Amino acid sequence: MGTQVSDLPCDGDGVCMACKSKPLENESLICNTCATPWHVACLSVRPESMSDAVRWECPDCSPPVTEDIHLAVKPAPVVQASSSAGDLIAEIRAIEADEALTDREKAKKRQELLSGGAKAVDADSEKKNGCGNNEVLNLLDESLNCSICMQLPDRPVTTPCGHNFCLKCFGKWVGQNKLTCANCRAAIPHKMASQPRINSALVMAIRMAKLSKQNVSEGTSRTYHLIHNQNRPDKAFTTERAKKSGKSNAASGKIFVTIPKDHFGPIPPEHDPQRNLGVLVGESWEDRLECRQWGAHFVHVAGIAGQGDYGAQSVALSGGYVDDEDHGEWFLYTGSGGRDLSGNKRTNKDQAFDQKFERGNEALRVSCRKGYPVRVVRSFKEKRSSYAPEKGVRYDGIYRIEKCWRKDGIQGYKVCRYLFVRCDNEPAPWTSDHIGDRPRPLPIIKELKSGAIDITERKGDPAWDFDEEKGCWLWKRSPPASRMPNCEMDEDGNVVKKVKSSKKKVSMKERLLKEFSCLICRKVMVDPLTTPCAHNFCKACLEASFTGQSFMKQRTCGGRRTLRTQKNVMGCPSCKNDISDFLQNPQVNRELMAIIESLQSKVEEENMETSEVNVNSDGVDEEGSEEIEEGCDEENKEICDMDEDNMKNTTVDKVENLTSEDKPSLKRKLGTKGKNNEATGEVKKTK
């Protein structure tokens, strides 16, 4: 029995189970079959040469032949007793020889074979995790596994080489001084080994997959606290869920006007069902929340209310930027952005980067080009202006943006600038005039002559302009149609909802694909890269962000003597951590790419099936017209019964007699007869 005691492998910490000491690297042997380390000094039979050491198999994989079979080293107790050692070796070699299996699948099968009860454990874990009938979770489980435990990663960590680990498994691995990937042996950066970052995109994807169920696109139900406008109090209010006192967590009170949130121009009396006055110039409110209730400026925190592709409806002058200049009838307004508001720096007033024409800034530029009217409110917080109210918020009427540009601001970064000029039919609150504004010449702006870039001026006629015949400001063109037609308010201020058109349901796979979006282009990643700081990008997007930058910077002393080269710091586009070492040889995350490709193929299959169902449900057949006739109503029966020759002779008058609701369906039905059909052209003319 001495041989059996001495022939014991090293444990997970590298300590020999026979002599209880940790052998050096050159004193240990690795089994060629099961990759288990063994202490050479404690082996009963040692390899005779270096070539034997390379092909050496441990006693568990090839037990020594002895006269007494009871002295032979038996297989590990976890392996089934009916399986002999020779059969075990044969099965392992069969797995290795199977070219249809991937390396990951081979490793999993070897693990199941050597551990015996692994299959039952896997089945239990699948039942426990609920992925037995979960198609999306099964898809992730096939492509995304921890390189150590071979399970779906818990708190996944992604190495720069593109392999994934559980945070706990990764901690144990690097805790053993193993600074190479367990899968490909690529080096793990020291900073990542000491401070591994969890891949939040994989966390969200796994969480969404676990919440999903077969053929159900919704996750767990959430509690929504909705209060209808007619049930809201007249003032801003707080509930028991508020975390802070005052109006820090206050909800808006009742909206008293019936305009949509994207309404341009003044608010007339017909949209004020309670007072029938509208919002008057000079009207004041206690704070921005109360101002919101009357629609003068709907957003109660941001200074710009607007949409980048639509235009800006209103702005608030509240002393947010030191570059603002207020001259009453005209003022220079500074755009938004340029400040670092990450973390807990929500009130940071120092600029950290340049402003750009995007979001609210672009909305103001659209209003400048189109000549839209912009409502302006001034707050008591604007301490540098002589025209600001002493307290509260005041509505000062309609202004129009005449020019916009960018320039270097007071804090050294570029800011977006806008020239607002008043154009309201009512006099300003600070004047004693009894009439409103008249067209006036634009003021001379000195900064336009020095350092201004990206200057934008209106080329055509403005939408809001002065009418000489009527002597007032009005819409010269139709105002932009509201893009929020789903609900309106009646005269009592109650919300009247319109019937919404049925929208396509977004499947769980499509929602999951959105989680795998690039942090630069915001689209589904192509050739995904995962940085050491656990951010995901397209390979092309990340490399394009550093185009023209070298990894090393050449330095000279006054142009005379060459100094030692210095490493260029290349900050991650998302968190500014240095990723220059990673960019020298970025590795595509193959596991993530496989998941994305699988999801995209599944989504395409579902879309194809949906389109086929829709085509069949329309009842339109290219070969015959029987199905078309079944879908015809009584009013269009005579038209549907006509053949192509009769359709050519159909007069426009017959088509004009149809109602507007029937024309689109008729156009669709006639269109199936052929694109060149003259009857289809008749319908297009009468539409």
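Cβ from N, Cα, C; glycine included.
Per TrEMBL, the features are as follows:
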type: DOMAIN; residues: 13-64; note: domain 'PHD-type'
type: DOMAIN; residues: 146-185; note: domain 'RING-type'
type: DOMAIN; residues: 274-422; note: domain 'YDG'
type: DOMAIN; residues: 518-576; note: domain 'RING-type'
type: REGION; residues: 608-687; note: region 'Disordered'
type: COMPBIAS; residues: 619-636; note: compositional bias 'Acidic residues'
type: COMPBIAS; residues: 637-665; note: compositional bias 'Basic and acidic residues'
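According to DSSP, the secondary structure content of the domain 'YDG' (274-422) in residues is 17 helix, 54 strand, 78 coil. Per DSSP, the domain 'RING-type' (146-185) is made up of 9 helix, 7 strand, 24 coil. The domain 'RING-type' (146-185) scores a mean pLDDT of 89 in the predicted structure.
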